[in-house]
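The structure under discussion appears below in the form of structure tokens.
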Amino acid sequence: MHFDVMDNHYVPNLTIGPLVCEALRKHGVTAPIDVHLMVEPVDRIVPDFAKAGATYISFHPEASAHVHRTVQLIKSHGCKAGVVLNPATPIEVLDWVLDELDLVLLMSVNPGFGGQAFIPSALEKLRRVRERIDRSGRDIRLEIDGGVKAENIGEIAAAGADTFVAGSAIFNAPDYADVIARMRRAVADARGLRA
């Protein structure tokens with residue numbers, strides 16, 4: 001389960017806080033909760049989401065004064081840590097923290113609003129990050145968020161993504177099950193080609 005947390009400062013939108021995460025845990029949700037923090041300052045809210053039951057907490061390096069320190073803060077609270085790369089964020093930021101990460105989240109749109117079109121250059125960035133992760137030998141999830149649809153998810157999977165955040169493509173469709181089934185087929189087909 002992926003949560004977009006926005007503070008109307010780092011990005012121009014406002015969404016949910018840790019109480020929603022906590023309520024899901026109290027109501028028996030055991031699935032991993034992946035919290036994507038689009039907030040500034042990020043270190044202030046990390047402990048709140050960890051206490052609320054987050055599994056993964058990811059943040060934008062631009063929202064942290066000290067990226068390595070924020071990664072360590074997340075881990076010190078018992079969560080898995082991730083870094084989020086905006087479309088224009090250079091992948092070299094990973095050079096200094098990749099060996100500490102559990103997740104890299106690539107934004108394939110500029111963050112802040114749902115329903116945006118996939119930025120095609122994200123595919124090459126995805127391939128380059130996949131190569132870095134594979135070279136590291138570490139088990140790091142590579143997630144993509146933004147403009148993911150049944151029509152492009154196969155190409156995204158073939159480029160190296162492990163996890164796909166698809167909000168508008170699913171929730172704006174009249175038949176959720178059909179869209180999800182088509183996405184799963186496209187990913188399975190693409191992974192068959194990668195093997």
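Cβ atoms here come from the backbone N, Cα and C positions, even for glycine.
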Of the residues Asp134, Asp139, Asp145, Asp162, only one is listed by TrEMBL in the divalent metal cation site with His2, Asp4, His36. Which is it?
Asp145
Mind giving me a neighbour count for Asp4 (active site, proton acceptor)? Other Cβ atoms within 10 Å of its Cβ, every protein chain shown.
20
Among the binding-site residues His2, His36, which residue has its Cβ surrounded by the fewest other Cβ atoms within 10 Å?
His2
Winner by Cβ contact number (other Cβ atoms within 10 Å) across the binding-site residues Gly146, Gly167
Gly146
